[in-house]
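These notes are about the structure you will find just below.
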Amino acid sequence: MEYGILTIIPPIIAIVLAIRSKQVFISLFAGIFVAELIMVKWNIIGALNNSLNGIVNIFTEGWITKTIIFSFLVGAIITLIQASGGVAGFIEYLTEKTQTIKSRRGAMLLAYIIGVIIFIESSITILVSGVVARPLTDRYKISREKLAYICDSTAAPICGLIPLNGWGATIIGILGVQISSGVISGNPVEILVKSIPFQFYSFVAVLTVLYYIITGKDWGPMKKAEERALKTGEVLRPGSTPLVSTEATEVEVKEGVKPDKWNMLLPLIVLIGMMPIGLYITGEGSMMQGSGSTAVFWAVLASLAFSGIYYMVKGIMNLQEYMDYLYKGVGGMVPVASILIFAFAIGNSISALGTGEYLASLVQGRVSGALGPGIIFILGSIIAFSTGTSWGTFAILMPIAMQMAVAMDASIYASVAAVVSGGIMGDHCSPISDTTIMASMASASDHIDHVKTQIPYAMVSGVIAFVLYVIIGFIA
């Protein structure tokens, strides 16, 4: 059944409510409810029943359940590698290595390199790079705003470009909904991998950070911050209020445990190494045909099993202590898992309602399919900026973007990348974004100062990305 203009009401409600209230969960549920309300011909009880059933029924699909469990267990890994002294040992190791760094450029490069090589989770990336580099950047009179920018701009972009993490699992899951509903065809892992070369904002953001570090050619508010720090030694703006990292943001090393970098590196190596193995096995010899949800599920289980045995053999913790830290980490991932649940549910509802097809029909013949990726990128940036969440943006925009791309004959890979890039770009500019706040906290920067100095840089990267999407739209 075709619902015409009514199909755009649920996503509009979800987006407007998210912008106005900043409550992504409530907004997504409202979108689900209104979509079901339309499909049951305004029967409120029936719509409420279908909405709740729709959320519950996502667990009937194994790959969705695995993805959600994975998101919980990643939190356990993050907690365990901190409690075991792995993160502390890694920081200590890198700090000793930096004794040979004798320049502002070297201090900033340390933060940059850490941000690039640690891609397991954006928050831990930001925390490690900020905590490790801050003593050096302060010594060499580098503004806290500049450090926050480096930490922030090498976290989410790298997680998007190297999707062996919750980011990849989330996007694979959302794409899986579109495939199972018949909107697009193919393997979600293959689609994600092939979209990576088109994630223009992430590439530009990471490269521009390196450019500013090497050349020192800052401009705008960032230039003023750097000049202040270099000339006066004040790494913070006088009168500013830094968001200092507190013990609540990190798990203390277990008492009596000696920090050792391998307590972090080995579990992460197992996690990363198991991912391609899982894809190869589930794909029956072809990694590109493998099950992404199963692979990441196996990977996180293998990492947790290894870390538990390894820590107990080394005498770091006993089984009860291991389980206590595991549960603590799982509890910390409830918000992320909740976003995933609502993301899958609203994706199903929007697909069933035909929102994407209707929007595509409005622009078909009026807007060239070549402009599709560019338009999607702009929409993603606006939504992420307004809501402060890139994952919520994926949930709202990805189903619509896929249906529009099919109808306009635009590149599926570029469209997927445009959603991801738009979500990351808007996230970088948003003062209510968790990663932006985390960057301010880890670098001990004033949060508003961080936002004001980063927005101009993010906007320039965004403009470059938009131009590239327009170009690729015409040639792809």
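Placement of Cβ uses the backbone N, Cα and C atoms for every residue, glycine included.
The model shown is predicted, which means the values in this text are computed figures rather than measured ones.
The annotation domain 'Na+/H+ antiporter NhaC-like C-terminal' is assigned in TrEMBL to 172-474.
Residues or ranges marked as transmembrane segment in TrEMBL: 24-48 (among others).
Panel annotation: around the transmembrane segment (68-95), residues 59, 110, 114, 120-121, 123-124, 128, 131-132, 135, 165-166, 169-170, 250-254, 257-265, 267-268, 271, 293, 296-297, 300-301, 303-304, 307, 311, 316-317, 322, 325-334, 336-337, 340-341 of the same chain, lying at least six beyond its termini, place a Cβ under 8 Å from a Cβ of the stretch. Marked as transmembrane segment by TrEMBL: 68-95 (among others).
Residues or ranges marked as transmembrane segment by TrEMBL: 107-133 (among others).
Taken from TrEMBL, the feature transmembrane segment applies to 196-214 (among others).
Annotation comment: TrEMBL describes 264-283 (among others) as transmembrane segment.
Marked as transmembrane segment by TrEMBL: 295-313 (among others). Non-local neighbours of the transmembrane segment (295-313) in the same chain are 66-67, 69-70, 73-74, 76-77, 80-81, 84, 164, 168-169, 189, 263, 266-268, 270-272, 274-279, 282, 319, 322, 326; each lies 6+ residues outside the stretch with a CB under 8 Å from one of its CB atoms.
Under the heading transmembrane segment, TrEMBL lists 325-350 (among others).
Positions annotated as transmembrane segment by TrEMBL: 370-397 (among others).
Per TrEMBL, the feature transmembrane segment maps to 404-425 (among others).
For 455-475 (among others), the entry in TrEMBL reads transmembrane segment.
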Any contact between the transmembrane segment (370-397) and the transmembrane segment (24-48)? By contact I mean 3+ C-beta pairs closer than 8 Å, pairs at least 6 apart along the chain.
yes
The transmembrane segment (325-350) vs the transmembrane segment (196-214): 3 or more CB pairs under 8 Å:
no
Answer yes if the transmembrane segment (404-425) and the transmembrane segment (24-48) have at least three CB pairs under 8 Å among residue pairs 6 or more apart in sequence, and no otherwise.
no
Out of 24-48, 196-214, 264-283, what stretch is closest in contact terms to the transmembrane segment (455-475), meaning most Cβ pairs under 8 angstroms?
196-214
Just to confirm my parser: what is the rounded mean pLDDT across the domain 'Na+/H+ antiporter NhaC-like C-terminal' (172-474)?
82
